[in-house]
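Novice: Sequence annotations record features per position, and here Swiss-Prot assigns topological domain 'Cytoplasmic' to 1-44, 96-116, 253-265, 339-364, 409-423, 467-535. For 1-10, the entry in Swiss-Prot reads compositional bias 'Basic residues'. Residues or ranges marked as region 'Disordered' by Swiss-Prot: 1-30, 500-535. Per Swiss-Prot, the feature phosphoserine maps to S19, S28, S29, S529; the stated evidence is similarity to another entry. Residues or ranges marked as transmembrane segment in Swiss-Prot: 45-65, 74-95, 117-149, 158-178, 182-210, 231-252, 266-287, 313-338, 365-382, 387-408, 424-446, 447-466. The feature L-leucine binding site is assigned by Swiss-Prot to I53, G246. Marked as topological domain 'Extracellular' by Swiss-Prot on the basis of a curator's inference: 66-73, 150-157, 211-230, 288-312, 383-386. Here Swiss-Prot flags N134, G246 as site 'Important for substrate specificity', drawing on similarity to another entry.
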Amino acid sequence: MEKGARHRHNTDKNHAGGSESEDFPEASSGGGGVALKKEIGLVSACGIIVGNIIGSGIFVSPKGVLENAGSVGLAVIVWIVTGLITAVGALCYAELGVTIPKSGGDYSYVKDIFGGLAGFLRLWIAVLVIYPTNQAVIALTFSNYVLQPLFPTCFPPDSGLRLLAAICLLLLTWVNCSSVRWATRVQDIFTAGKLLALALIIIMGVVQICKGEYFWLEPKNAFDNFQEPDIGLIALAFLQGSFAYGGWNFLNYVTEELVDPYKNLPRAIFISIPLVTFVYVFANVAYITAMSPQELLASNAVAVTFGEKLLGVMAWIMPISVALSTFGGVNGSLFTSSRLFFAGAREGHLPSVLAMIHVKRCTPIPALLFTCLSTLLMLVTSDMYTLINYVGFINYLFYGVTVAGQIVLRWKKPDIPRPIKINLLFPIIYLLFWAFLLIFSLWSEPVVCGIGLAIMLTGVPVYFLGVYWQHKPKCFNDFIELLTLVSQKMCVVVYPEVDGGSGTEGTREDMEEQQQPICQPSPGKDKDSLEQSQP
């Protein structure tokens, strides 16, 4: 571990650029060095997007939109419109993904465009709450649908649910640590499984329509309100619809592991988002052919109720489909979130050991173990659902900040290479819709949003003490270096090399925070470079 294995914490050089790609450029599969391998093709890329968007919600409780829309027709319109807005946001992320081709997604874009503090706050809220709680909830949903048939007359024991959820997390963490190819194969298989289950639901809906069972789809009935119309509730329906499409940006977290990202990133987005929109709209239409709006709203597991009504002895397919869907969802979330933490550590925003990969498997084992451990900790707390409510607003806030960064980058750096360059009307449309939902969220739940902001702002002192403050006591640096070395030996990991060439070229010598955002002018650098440096 002599070459590039150890990190020098006590340095005199103070960087001030938007990124560190000169020290840590895109990982490559070429050469013989240790580097992240480009093993994610177009099919696997689509599997990551579709698998992360489609979790258990469309099977279990797609009723949030209908409940707030007030009519079947308006609910279908909400699903279509939110799908279109999601596609617009994905187009914006596609341009950013090929303009700043780094893993880390919106964290990397916000950091490079607006500076280190903004990027750190995005990372902080993701590390602290968003990913651990979401993964814990998905794993608990998986265990609930696996154990429920064993307890037909009562609820499964809570300890059993949490134990099976922990086993699920540990198993998938092992798969992800072992091989990127294994992880993507698991994602492909389980994404295909959930799409087949949804295709069955849609086909059954078509059969119902052919039988004349479309009372609630007739125009006069579709827009028959079962509650008083309210603009606030309609806005809430759009907010629920937007949350249902969450995960559309996850492929941007693994850009460096994509085969030919300049082509496959936008292609995967263009294929996946319309596919998910189609599935969401027609699955909800299918549900309405078998259930009245009141029955749908009263059901705790819509797909299971649908199966009981139409599939007869084959109704067991639906709970199994939910379990398979959530299992794949946990895998996709582990895969992408670990790359976010890897990217954060590479920029000096998290402990440096998280930026290392296994010397043979080329997987970010420390980042995966960190992700798994934080999720296991969430499994033993009873407040994770409350935390999700608090930070959901913050997560949505950063979507808009990232898209706004696209406009800022167009203005400040108009000449940098952009393999994809969309019309600025698209980010403007997305930001208008985003602002509408954001303002409504603040108006309807000011306390929840305020607590979410407070949780995010706890990252400010952490940033200045842990990242911005460079000249820490030598005893502290020595202790951290010792922990890093021990972790390296336990996990058999090193920093990735530049091109798999000489070890000296890939050595990660400095991981200090960079203060100057990408959009700040720097006349000494070439206009096509995204990095800014200050001696």
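Cβ from N, Cα, C; glycine included.
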Novice: Can you tell me how the residues of the topological domain 'Extracellular' (66-73) break down into helix, strand and coil by DSSP?
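Specialist: Going by DSSP assignments, the topological domain 'Extracellular' (66-73) contains 6 helix, 0 strand, 2 coil.
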Novice: Take a look at 45-65, 74-95, 117-149, 158-178 and tell me which one has the most Cβ pairs under 8 Å to the transmembrane segment (447-466).
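Specialist: Answer, by Cβ pair count: 117-149.
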Novice: Which stretch from 45-65, 74-95, 313-338 shares the most C-beta pairs under 8 Å with the transmembrane segment (424-446)?
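Specialist: The listed stretch sharing the most Cβ pairs with the transmembrane segment (424-446) is 74-95.
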Novice: Between I53 (L-leucine binding site) and N134 (site 'Important for substrate specificity'), find the distance joining the two CA atoms and give it rounded to the nearest Å.
Specialist: 12
Novice: With every protein chain in view, what's the tally of Cβ atoms within 10 Å of the Cβ of I53 (L-leucine binding site), excluding that atom itself?
Specialist: 27
Novice: Here are some recorded positions: N134, G246. Which one has the most Cβ atoms within 10 Å of its Cβ?
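Specialist: Answer by Cβ density within 10 Å: N134.
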Novice: Sorry to bug you, but what's the C-alpha spacing from N134 (site 'Important for substrate specificity') to G246 (L-leucine binding site), rounded to the closest Å?
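Specialist: G246 (L-leucine binding site) to N134 (site 'Important for substrate specificity'), Cα-Cα distance: 11 Å.
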Novice: Give the residue counts of the topological domain 'Cytoplasmic' (96-116) per reduced DSSP state, in the order helix, strand, coil.
Specialist: 14 helix, 0 strand, 7 coil
